[in-house]
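Straight from Swiss-Prot, the features:
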SIGNAL    1-28  signal peptide
CARBOHYD  Asn119  N-linked glycosylation site
CARBOHYD  Asn142  N-linked glycosylation site
CARBOHYD  Asn296  N-linked glycosylation site
CARBOHYD  Asn348  N-linked glycosylation site
TRANSMEM  492-508  transmembrane segment
Amino acid sequence: MATGLQVPLPWLATGLLLLLSVQPWAESGKVLVVPIDGSHWLSMREVLRELHARGHQAVVLTPEVNMHIKEENFFTLTTYAISWTQDEFDRHVLGHTQLYFETEHFLKKFFRSMAMLNNMSLVYHRSCVELLHNEALIRHLNATSFDVVLTDPVNLCAAVLAKYLSIPTVFFLRNIPCDLDFKGTQCPNPSSYIPRLLTTNSDHMTFMQRVKNMLYPLALSYICHAFSAPYASLASELFQREVSVVDILSHASVWLFRGDFVMDYPRPIMPNMVFIGGINCANRKPLSQEFEAYINASGEHGIVVFSLGSMVSEIPEKKAMAIADALGKIPQTVLWRYTGTRPSNLANNTILVKWLPQNDLLGHPMTRAFITHAGSHGVYESICNGVPMVMMPLFGDQMDNAKRMETKGAGVTLNVLEMTSEDLENALKAVINDKSYKENIMRLSSLHKDRPVEPLDLAVFWVEFVMRHKGAPHLRPAAHDLTWYQYHSLDVIGFLLAVVLTVAFITFKCCAYGYRKCLGKKGRVKKAHKSKTH
């Protein structure tokens, strides 16, 4: 019998031990994370946790004044000073939530909304200026030799920083207003069947909806320019040349979109676009004794989970009382995440909590419905766990999310400004008692979960891929290097049109010349014939 090389067992054990001890260091990398605060940060945290588990070092860079970003054991927190106090930050960024519940003239509300957005933009832009002009911090970041920047491009400052430091970048996002995600990836974006953000259109549009779909971005372009132009100016100042917002975004190696085609409509994609919808559903934990007790006390009726997201801390008293009245008319126990003033008519079946483990509760078999503002995190947690929704969209893409889920039969949408107590009561009874809502959301859940790779693993793979290969230039389309007229082949069309017109002109001239020659010769023959007859 043939025998191979025999390795002594102690040597083999020692070699294996060395391999295991060296391997993490050989593959470990340094990740600079520049997050967006709020719910955007919550799903990014899970990626950092997994990167840490795989031996990578993550440094989270954030202003010292923020909402949710605090030191944790799986990343290093680096903060920088800004000129805003915590009170000013809360007033400008969080102090506008009452606006969502106020009924007033459209123009008045529009201008108030614009003022609110301007204040928020001012906070983030000022923070960006102070970051990029912090020479000591920039030198430290440069010296650290990061392998990749992970950021949400809604924060254009981080994209400018990554480009300035010449570090490969991975974008982690849901979408960017004004179609900047399409422009930044050079992804085809026909308005004929791809609904624009904030239009609430579906992918099957009537003629007038297609008109709206085409005009809406044009109407928003001025607003978008006003908010994005300061970052382009800042980048131009840093690079000492003209830099556009699209130039800044095109630096990204990979785009990780927190979406998929269970929730979103089919659309073209580019090679460096990866879809990780439902990434926030990855880690479900056992419920605490407190919440288990609430569920056990609910009996056969089960529970309803109610949360309007991290940005809404209080609701106007009249609206809160109308909601409390409706909640008191259903047999289920309602767990309501609410930090505002307790409604005086709150029923015994409604429990107010300052925080709740939303995904863990939605995963419990006794959960019957989910009242949500239709933020993408909540909608995906509802899809993952198969819980029908009553949706109260408040701002941004929440209206689009609610429309999509309602179209798919997974829930009911209410206008939070116009709804009455009876409307909410009827909507809750519909999604709880009508089996079609549960069947539809379970079908979406089945489609969403039927995938070869979990979203969290996919996201981590691509971050590591960019670290290993120092970017992903082979996925970058050449469209980034074309001018607008080259991209649309207008120069080729113009050239071909000129050739066709030239050929047509020469052909016409030749025909005209030949015609004149033939006609002239024929005329001379006729004249000669007439002269002979005379």
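The backbone N, Cα and C atoms fix where each Cβ goes, and this holds for glycine too.
Distribution of Swiss-Prot features across the structure.
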residue: Asn142; record: N-linked glycosylation site; Cβ contacts under 8 Å, 6 or more apart: Leu165
residue: Asn296; record: N-linked glycosylation site; Cβ contacts under 8 Å, 6 or more apart: none
residue: Asn348; record: N-linked glycosylation site; Cβ contacts under 8 Å, 6 or more apart: Gly328
Asn348 (N-linked glycosylation site): secondary structure state under DSSP, collapsed to three categories: coil
Number of Cβ atoms other than its own within 10 Å, given for Asn119 (N-linked glycosylation site): 15
